[in-house]
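Trainee: The structure's right below; bear with me while I get my questions together.
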Amino acid sequence: MAGLVEFLKPLNEVILKVNAMTEGRRSDFFNHLKSAGDSLSALAWIAYTGKDCGMSMPIAHVEESWQMAEFYNNKVLVEYRNKDQIHVEWAKALKELYLPGLRDYVKSHYPLGPVWSASGKKASSAPPKAPPPGAPAPPPPPPASLFSSEPSQPSSSNPKQGMSAVFQEISSGNVSVGLKKVTADMKTKNRTDRTGVVSASGKETHSSSPSFSKAGPPKLELQMGRKWAVENQIGRKNLVIDDCDAKQSVYIYGCKDSVLQIQGKVNNITIDKCTKMGVVFKDVVAACEVVNCNGVEVQCQGSAPTISVDNTSGCQLYLSKDSLGTSITTAKSSEINVLVPTGPDGDWVS
């Protein structure tokens, strides 16, 4: 077994590196990285040693691994379907590597798992590789087929008293007093502590220090007139965005024990790496996404085509009568509770 662990070590290191690239603030290719990173676990089929090893059999393992990656691969297809066919072809090629590619290979050669030689040596004792030739030939072109077309407490069926009580007060319409509103000087275009000159290296800021262990300063501002950034808010129950429109998105990151109201229609809402966070919104054009969160509650007072929950432990979704047809998708999440209004008093039931 020690030899198998050593044999799989390079694969584990690659998976960890890819996962690290998806941490922190999202890049433009977040969905690409997640689909590629999640799909790599399919390569661990070779670690199958029998029915008691804790893994599915090789063919099933490959298929299950791709199901995790397909959630993000489909997002790439939807986003670039009418924008850039290169990304669409990339997503299709990635899927073909595993289904049918790797699945059919395993099915044909190792349906019951690999067979190891009883007299074989450990991977660590394998002979060293031969030195590379002095003038290596250029790599061959890729095959044509490659481009062919922290745990929360168990949730109950009844809404919790803490954040749910806040939502109830919001729904009653009596909580607007004392809300912290975004003033003109808080918007990026009106900030006096920033110049209007855009740095020539602005596009490279994502390649700076990869550490995200330290939380930055609290932020609630409109950036470039298109994106509301709500970051690192701790213990703030009276946050509100009321000057918004359907072309703007809202990105909520690193907040804890806070409540945000979005009093208007926006294009997209993303809640990322938040704990015990409550978000109340009226209408969203595209989707509301909950990613890498713990113990969050989201209430839709209007309509939302899609609500997606990914890599989240503990999430309560409150839907309005206008949002009962919302498409809800989940991936690698637990303790998801959906509550809908019922009766003349609008009580919530799951």
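Don't overthink the numbers, they just go from 1 along the chain as shown.
Cβ from N, Cα, C; glycine included.
All annotation found in TrEMBL is predicted automatically rather than curated by experts.
Features from TrEMBL:
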type     : residues : note
COMPBIAS : 118-127  : compositional bias 'Low complexity'
COMPBIAS : 128-144  : compositional bias 'Pro residues'
COMPBIAS : 145-159  : compositional bias 'Low complexity'
COMPBIAS : 185-194  : compositional bias 'Basic and acidic residues'
DOMAIN   : 217-350  : domain 'C-CAP/cofactor C-like'
REGION   : 118-161  : region 'Disordered'
REGION   : 185-218  : region 'Disordered'
Trainee: I'd like the per-state residue tally for the domain 'C-CAP/cofactor C-like' (217-350) from DSSP, helix first, then strand, then coil.
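Mentor: Summed by class, the stretch gives 3 helix, 88 strand, 43 coil.
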Trainee: So what's the average pLDDT for the domain 'C-CAP/cofactor C-like' (217-350)?
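Mentor: PLDDT averaged over the stretch: 90.
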